[in-house]
Every structure is written in C-alpha cells, then in structure tokens.
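Engineer: A single structure is presented below for examination.
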Amino acid sequence: MDERVKTWKEGYTSLPRHQHLPMDRFVDYFNAINSIGVTEVGGNSRFPYTKEYREAVNCIKEWMKEIGMTVHEDAIGNVYGKIKGINNHKSLMIGSHIDTVPDGGMFDGLLGVLSALTAVEAFVDQNGIPKWSIEVAAFVDEEGSRFNHGLFGSRAMIGEISEDTIHHYYDDEGISMAEAMKADGLHPEQLESVKRDMDQLIGYLELHIEQGIVLEENNQQIGVVDGIAGPARETFTFFGSADHAGNTPMNMRKDALIGASQFISAIEELPGKFSETAVATVGKITNYPNGTNVIPGKTEVTVDIRDVEEEVREELIEEIKATAQKIADKRELTLEISNGIRVQPVRMNAHMTELIESSTKDLNLSYRRMPSGAGHDAMLVGKKVPAGMIFVPSHKGKSHTPEEWTSMSNCLDGILVLERTLGKILSTYKEE
C-alpha cells in the first residue's frame, strides 16, 4: 500500500455514522490512483492524455462498472458512469477531476470523483433503484497543467470549447491538445459530440477539499459553498529609466521597481474596503534589465483579483488601476495596463445550497457557509444547471503540494453529506 494512504487509513478511528459506507473500497480506490505517477518528492503527476492519466482513467471506468454503472468516455476524455433511475431521461450529476498539478497531492479533484462513486454505491445499496438517474463525472484537464487551459473538460461539456482551442494550445514539448488526444486513442475531430444537452441534468454536486485554512482554524467539518470567485488578471508595467546604479543620485532616479514595490504594498489594503470575500494577489514580477548595477527601467507586475460578486471585483480592479496610476505619476514613471483573463464568478444555486446545509444539520456536523476562492468544474456546470458544492477541511490549508492532507474522517463526513444531499434532490425533484 502507498505509504501516504497507509498513514491516512491508520489515522482513522471508526465512527458509527460511517459504518454503512464501503470504506475498504474507498481506501482501495485511493491507494490505486495514488500509486500512479508518484514523483521523486512524494507527490503525484497525472497530466491529461499521458500514460499515467490513462491508467487512472481505466481504473475509474472499471470501478464504475463494478458498482453497476454504464460507462461512457467521450471524444476528448471526459468519463461518465451512470446508474439508471426509474426515470432515465434526466440525471443528477456528481463529479470532479482526476488530473493533477506537477507534484500534486492525494486529494485535489480525486476526492470528489472517488467520493461520488462511494456515495452513489452506498445510496443505491440502501435505497435501491433511484427515482432519477445518477451520473458520476470525471472531467478531463481541470488543472490546465499540461496545456495551460484549465477547466477544459467541463467547458467542453457545456459547449464553450472551439475547434481552434484544441489545435492552438500546446504543451512544453510542442504537442497540441488535438495531437495528444489522438495519441491517447481519442477523437478530437468529434469535439461537437462532447457538448451535452444540459436540459437532461437535474443539477450538479461536487465535493472538494477546501484548499484553504478556514474550516480547520474554526474546527468545522463541512463547508457549504455559496459562491465561486471568478479570477481576473491585470498586468501593470511601470517604465522608468535604466541608469547606472553608481552615478545616478537618489533624488534623480526614475526607478520602475520602487514604483512597482509601492504599488504592491498598496494593493494589500484595498480588497477589504470592498468586500470580506475579495482578494488581490501579486504572484508574478518581471524586472528589466535585472542587473545588480542597473536601476530598473521596466517592471511588470501581474495581479490576480477575485470575488464572488462580479460588480465588486470590477470596482476593486478600477481602484487598483487608479492606485497604480497615482504612484506612477508621483514618481514620474510611465504606466501601461493590459487586461488578462476574466472569469465570471458563479453563485451556487440557493436550493442546492439549502439542501447541502440541511443534510449537514441532519448529520449533526459543524459547518459554515463560505465562498470558494479557487475555480472548480462546478463554476462551469453551474452556469447551465443548479449546482452545489461541499468542502472538507485541508490540514494547514495545504494544496497543490505533496503536503496536501485531509483526514479520512473528514473525507467520510463529506461523503455522508453528499449521499444525504443527493437523496434529498432525487426525492424532491419535480419535472417542470
């Protein structure tokens, strides 16, 4: 058994509320997938359309069949397993992804897919054929680690991917998405067939690790996600004068890096003026000419700005732009601003959120309503159908690292909430 999975299992103390769940199978799932693509630093790398990813996909497909699902892999690699209901023309979809970032952890995305399989198996074992069909989805390339185009599979499912995209995004070796798909035995020329009729879906649920520290710090077991923040990126380029470091007096310099530094410091204070959920992060700085004895003549700063409300995010962006211009003017620098990506924030469906919350209360689990600052497949699917999302705690907030950790007990509690919520949705849904 993978040593990480062994430690995870051994740290679990049996609880009566978990006893009806197929826990041994759940552990076996985790062990099998986390034994694939193990890296030197103890993480996992499973990039789309690689042999490691294909091995993981084949495991998922086989497990779907074992619990009575009919399995379909579409032309680009999204995998769907379906339990047919009494009413088979509509489904509740539950899903996430199984690809990773480089040297990723055990839980990101994977927990959502394996929890869906586990919750559905437990539900059907206890309740028999469901009133409506249930689908488990493993979306391809959520992370964007190989082709720098994240949320790819769910985008394609809702019809937001064009032919141009798969031919014009490349990996580091110059292989296009389309070429990689063909090498994996898939059919990029059939992209149009990937788009689903979203009217056939009742809704969508996703269980995910929090990837933050809020739940653990507040000793809470479940996060009921009420919205997913959409990222916006802006690049601010400060132009000064690249002069000699020794011969230019301090009061006669036009130092682009100093201006950029003041701007970065100022950003920290701005989000809180607009919203409790707004954030702004400078994660990339490029300095020119970047010599030890040259005053910087040009500094680029890329800012990632997020909030669950698009209007608030846009107001914050305008304030950040005004702050940059004020600093540039004061220091006699020239400023250029270029717009990057804009992803629309998505509110989770109010009814789905209420059902998740009531399920959590039924189970006497502690919880909080909270936003997700990170993007998830739920934000794409949620544009078309009612969507709900469940968080479980991340130890020390670690994610996208081998240190990523969520206790087995927390994972199983998340599955309980997922199982109970899907039952409520299936029993109360009425076709319009």
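Cβ from N, Cα, C; glycine included.
According to TrEMBL, the protein has these features:
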BINDING   HIS97, ASP108, HIS208  Zn(2+) 1 binding site
BINDING   ASP108, GLU143, HIS400  Zn(2+) 2 binding site
BINDING   ARG233, ASN293, ARG306  allantoate binding site
COILED    306-333  coiled coil
DOMAIN    232-330  domain 'Peptidase M20 dimerisation'
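Have a look at these and tell me how they're positioned relative to everything else.
Structural biologist: DSSP assigns ASP108 (Zn(2+) 1 binding site) to coil in the three-state reduction, outside any helix or strand. In this view, ASP108 (Zn(2+) 1 binding site) is surrounded by 27 other Cβ atoms within 10 Å of its Cβ, with every protein chain counted.
In the structure as shown, the Cβ atom of HIS400 (Zn(2+) 2 binding site) sits within 10 Å of 18 other Cβ atoms. According to DSSP, HIS400 (Zn(2+) 2 binding site) sits in a coil region rather than a helix or strand.
Less than 8 angstroms from the CB of ARG306 (allantoate binding site) sit ALA229, GLY230, PRO231, ALA232, ALA278, VAL279, ALA280, ARG313, PRO345, GLY373, each of them six or more residues away in the same chain. DSSP assigns ARG306 (allantoate binding site) to a strand segment in the three-state reduction.
When Cβ-Cβ distances below 8 Å are used as the criterion, the coiled coil (306-333) is approached by residues 226-232, 234, 236, 238-240, 254-256, 258-259, 262-263, 266-267, 270-271, 273-275, 277-280, 344-345, 347, 371, 373 of the same chain, each at least six residues removed from its ends.
Averaged over the domain 'Peptidase M20 dimerisation' (232-330), the predicted model reaches a pLDDT of 96.
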Engineer: Using only C-alpha positions, which one of HIS97, ASP108, GLU143, HIS208, HIS400 is spatially nearest ARG233 (allantoate binding site)? These are the binding-site residues in the record.
Structural biologist: GLU143
Engineer: Which one is it: of the binding-site residues ASP108, HIS208, ASN293, whose Cα lies the shortest distance from the Cα of HIS400 (Zn(2+) 2 binding site)?
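Structural biologist: Closest recorded candidate to HIS400 (Zn(2+) 2 binding site) by Cα: ASP108.
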Engineer: In sequence order, which same-chain residues at least six apart have a C-beta under 8 angstroms from GLU143 (Zn(2+) 2 binding site)?
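Structural biologist: Spatial neighbours, sequence-distant, of GLU143 (Zn(2+) 2 binding site): HIS97, ASP99, THR100, VAL101, GLY104, GLY109, GLY150.
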Engineer: Using the structure shown, find which entry in HIS97, HIS208, ARG233 (the binding-site residues) has the sparsest Cβ neighbourhood within 10 Å.
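Structural biologist: Candidates: the binding-site residues HIS97, HIS208, ARG233. Fewest Cβ atoms within 10 Å: ARG233.
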Engineer: If I take the alpha carbons of HIS208 (Zn(2+) 1 binding site) and ASN293 (allantoate binding site), what is the distance between them in whole Å?
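Structural biologist: The Cα atom of HIS208 (Zn(2+) 1 binding site) is 48 Å away from the Cα atom of ASN293 (allantoate binding site).
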